[in-house]
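Under the heading active site, proton acceptor, Swiss-Prot lists 92. The active site, S-methylcysteine intermediate feature in Swiss-Prot is assigned to 341; the stated evidence is sequence analysis. The annotation [4Fe-4S] cluster binding site is assigned in Swiss-Prot to 112, 116, 119 on the grounds of sequence analysis. The feature S-adenosyl-L-methionine binding site is assigned by Swiss-Prot to 164, 165, 196, 219, 220, 221, 297. Per Swiss-Prot, disulfide bond is recorded for 105-341. The domain 'Radical SAM core' feature in Swiss-Prot is assigned to 98-326; the stated evidence is sequence analysis.
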């Protein structure tokens, strides 16, 4: 049987597992400290943990199921990682240098089934969910990279906005959040973590009822059903009306701000008409609504879309501001590398596919 990642256990689950296997409760504190504070890479390095416990952990868990395949570094300090999972699938993770610290964007699924027509992530359909351990390991691999530079840098912020729909992998994502937020471990503050959803309305309600204050972002991208359905297939299942009902519940339950992500597509959703519709849609919650206008990263496979002009983006921004909506134009990261989410993975899979076809042709020619 394949061993699971030790990083998939929350503090509570690790404690319960050790106690169920005859270990004293305080062993969880020791193991947790070695994992997240001292950040060792093998169980054998846990020097104050008894040999019996080390053998128990080694027999049941592994500490790294990700294998680094490609690392791309941008001139602006953005670093993009391509990891291979134990089953051979590929995922992406991105570290971004911000004015407020180091932010990491994690992937939650292998591929994506949401079907946004402008997105590189959806080019490859979802094959499975990531485990909580595989999501945590993305953070740990980046932190180990930082530790190796001896600059005392740490991951301070996390955005769950990589490949996949986080709320379609809800339980594993919640365990991931509890691991990285735990005050005896990485201790990444809940308000420094943002989870983005394309609009799974029932899960937004579930998220409102959780016991932590992690930020929520909504990938909206259009202010009306006709337009949103044309670029986001999920709108057929959860219309803007259903989405706004869930958002209304979330706001009333948490009194927390929501970020609305809006990708700027030339001639599609960037007119004054859409800006006015968006302002009206968010008007009821304008005191807690924050719109993030995102310049589009062109993708080779999506030739129908272009980036909105700077003038149109600024005009859209001005219209929102004049109508009382807080908004910002997102700063771009990694423009000199494969910046679009899913782009690096897609290119790597294509390269592997080409190599395999060449090998097959060569083998056939030799027969």
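The backbone N, Cα and C atoms fix where each Cβ goes, and this holds for glycine too.
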Quick one: of the recorded positions 92, 105, 164, 165, 221, which has its CA closest to the CA of residue 112 ([4Fe-4S] cluster binding site)? 164
Could you round the CA separation between residue 105 (disulfide bond) and residue 116 ([4Fe-4S] cluster binding site) to a whole angstrom and send it over? 19
Work out the three-state DSSP category of residue 196 (S-adenosyl-L-methionine binding site). strand
Taking residue 297 (S-adenosyl-L-methionine binding site) as the reference, which of 92, 116, 119 (the recorded positions) have a CA within 10 A of its CA? 119
Spacing of the two Cα atoms, residue 219 (S-adenosyl-L-methionine binding site) and residue 116 ([4Fe-4S] cluster binding site), in whole angstrom, works out to 10
C-beta crowding around residue 112 ([4Fe-4S] cluster binding site), within 10 angstroms: 25
Euclidean distance between Cα atoms of residue 116 ([4Fe-4S] cluster binding site) and residue 221 (S-adenosyl-L-methionine binding site), Å: 10
Using Cβ atoms only, which residues of the same chain lie under 8 Å from residue 165 (S-adenosyl-L-methionine binding site) while being at least 6 residues apart in sequence? 108, 109, 112, 113, 114, 197, 198, 200
